[in-house]
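Q: Straight from Swiss-Prot, here's the annotation block:
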type	residues	note
DISULFID	CYS31-CYS84	disulfide bond
DISULFID	CYS35-CYS56	disulfide bond
DISULFID	CYS42-CYS66	disulfide bond
DISULFID	CYS46-CYS68	disulfide bond
DOMAIN	21-85	domain 'LCN-type CS-alpha/beta'
SIGNAL	1-19	signal peptide
Amino acid sequence: MNYLVMISLALLFMIGVESARDGYIAQPNNCVYHCIPLSPGCDKLCRENGATSGKCSFLAGSGLACWCVALPDNVPIKIIGQKCTR
């Protein structure tokens with residue numbers, strides 16, 4: 001039984017774990033992508049970056065911005081509390 005657990009853990013580490021998170025997709029300078037409600041722009045942008053879906057949502061301090069669901073870790077998201085540096 002212990003061997004089965006050890007082999008399972010070894011396979012998990014060898015294969016790797018892909019994680020995803022939800023958030024406002026951001027440009028490299030921590031600026032959000034602005035959007036128009038009910039337009040397909042956010043969903044398209046999010047899906048192009050590996051998310052499962054996206055929508056236009058309100059973010060205090062930034063206005064309307066694209067919110068992505070299940071965005072990969074390698075895609076930047078808005079860091080709340082940090083300013084957009086243009």
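Backbone N, Cα and C define each Cβ position, glycine as well.
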Q: Once the DSSP letters are reduced so that anything not helix or strand counts as coil, what is CYS84 (disulfide bond)?
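A: The three-state answer is coil.
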Q: Going by DSSP, give the three-state secondary structure for CYS35 (disulfide bond).
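A: The residue in question, CYS35 (disulfide bond), is coil (DSSP, three-state).
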Q: May I ask which of the disulfide-bonded residues CYS46, CYS66, CYS84 is closest to CYS35 (disulfide bond) if we compare their C-alpha atoms?
A: CYS66
Q: Over the domain 'LCN-type CS-alpha/beta' (21-85), work out the mean pLDDT and round it to an integer.
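A: Summarising the domain 'LCN-type CS-alpha/beta' (21-85) by its mean pLDDT gives 97.
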Q: Could you work out which of the disulfide-bonded residues (CYS31, CYS35, CYS56, CYS66, CYS68) has its C-beta surrounded by the smallest number of other C-beta atoms within 10 A?
A: CYS31
Q: Find the shortest Cα-Cα separation between CYS84 (disulfide bond) and the disulfide-bonded residues CYS46, CYS56, CYS66, CYS68, and name the residue that gives it.
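A: Closest by Cα: CYS66.
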Q: Out of CYS46, CYS84, which of the disulfide-bonded residues is least crowded by other Cβ atoms within 10 Å?
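A: Among the disulfide-bonded residues CYS46, CYS84, the lowest count of other Cβ atoms within 10 Å belongs to CYS84.
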Q: Please report the DSSP secondary structure of CYS46 (disulfide bond), reduced to three states.
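A: Reduced to three states, the DSSP call for CYS46 (disulfide bond) is helix.
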Q: Would you mind reading off the Cα separation of CYS46 (disulfide bond) from CYS56 (disulfide bond), to the nearest angstrom?
A: 11
Q: Reported as an integer number of Å, what is the Cα distance between CYS66 (disulfide bond) and CYS56 (disulfide bond)?
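A: It is 5 Å, counting Cα to Cα.
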Q: With every protein chain in view, what's the tally of Cβ atoms within 10 Å of the Cβ of CYS42 (disulfide bond), excluding that atom itself?
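A: I get 27 for this one.
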Q: Hey, how far is CYS56 (disulfide bond) from CYS42 (disulfide bond), Cα to Cα, in Å?
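A: CYS56 (disulfide bond) and CYS42 (disulfide bond) have their Cα atoms 6 Å apart.
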